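*Asks:* Just dropping this structure here.
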Amino acid sequence: MAQIDALPPLREVIATHGLSAKKALGQNFLLDLNLTAKIARQAGDLSGCDVLEIGPGPGGLTRGLLAEGARKVLAVEKDARCLPALAEIADAYPGRLDVINDDALAINPLAYLTPPIRIAANLPYNIGTELLVRWLTPDIWPPVWESLTLMFQREVAQRIVAPPGSKSYGRLAILAQWRCDARIVMDLPPEAFVPAPKVKSAVVHLTRLPAPRFEADAAVLSRVVAAAFNQRRKMLRSSLKGLHPDIETLLVSAGISPTERAEQIGLEQFCALARAFAKA
Ligand code: SAM
């Protein structure tokens with residue numbers, strides 16, 4: 001196996017620093033540095049980019065990102081036990097790794113970085129969707145980041161890339177695909193992690209589009225999509241009736257049959273509906 005850097009193997013790092021995995025922090029570590037370098041490569045050309053990593057843990061992906069040429073990595077880690085291991089990586093890559101010991105949900109680390117910015121992470125599963133939704137809903141578009149390369153439970157990854165008509169299609173697919181290209185770039189079995197989680201995982205790569213695929217007000221689109229998928233088995237004339245007194249006319253004006261269900265409606269139609277609501 002090729003060495004990616006001169007630092008000790010991750011099993012040794014974990015033993016030296018007593019990093020027994022904590023379930024409450026979603027700690028499932030990647031210990032194969034060739035695998036973490038491969039994930040880092042999925043993030044695109046890192047040279048000349050600042051990279052935000054959430055949850056570096058013992059630093060396997062961090063080392064991959066640095067070895068793949070990131071200009072700078074800013075890593076946000078809640079577990080203070082990981083700091084000595086991360087300090088060793090910072091010493092091996094002078095001036096290229098900064099670590100913030102905090103809860104990623106409590107701060108805005110993007111404010112500390114210089115564009116171009118990419119985000120890459122093997123996310124703690126309990127906060128992954130919340131962070132993704134935050135990154136996908138900035139105040140203005142395009143956002144400050146170029147791309148997101150993120151590990152999720154495979155079932156969540158499928159919800160992000162799902163096409164209309166599929167079982168996984170819903171709010172997350174629309175939110176992600178409205179303003180990004182989203183694809184699953186790697187599948188990982190539970191055994192890739194220590195300890196092995198119960199579920200399969202996948203890496204999703206999202207590239208921001210310069211502008212939304214179809215025009216719509218973000219808040220209106222979000223409200224319509226939320227109401228439509230809250231009752232996904234119902235016809236739209238019924239699931240959306242609380243949003244407008246004459247929902248049937250509004251649906252027809254957006255080119256949608258009132259008897260269709262949310263899961264059959266594509267992005268373009270949802271955006272047309274959001275525009276009709278905004279005008280009504
Ligand atoms: N990136 C490492 C790897 O691939 O081996 C660790 C991944 S592990 C799935 C998730 C990491 O996120 C853990 O190191 C955990 O301590 C950290 N973490 C959990 N909740 C966090 C939070 N709210 N903010 C920042 N880090 C968090």
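Placement of Cβ uses the backbone N, Cα and C atoms for every residue, glycine included.
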*Asks:* Please state which member of ASP5, ASP103, ASP139, ASP181 TrEMBL lists alongside ASN28, LEU30, GLY55, GLU77, ASN122 for binding S-adenosyl-L-methionine.
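*Replies:* So, going by the record in TrEMBL, that would be ASP103.
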*Asks:* For each of ASN28, LEU30, GLY55, ASN122, count the other CB atoms within 10 A of its CB; which of these binding-site residues has the top count?
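*Replies:* The most densely surrounded of these binding-site residues is ASN122.
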*Asks:* Just checking, which of GLU77, ASP103 (binding-site residues) has the fewest C-beta atoms within 10 Å of its C-beta?
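*Replies:* Counting other Cβ atoms within 10 Å of each of the binding-site residues GLU77, ASP103 gives the minimum at ASP103.
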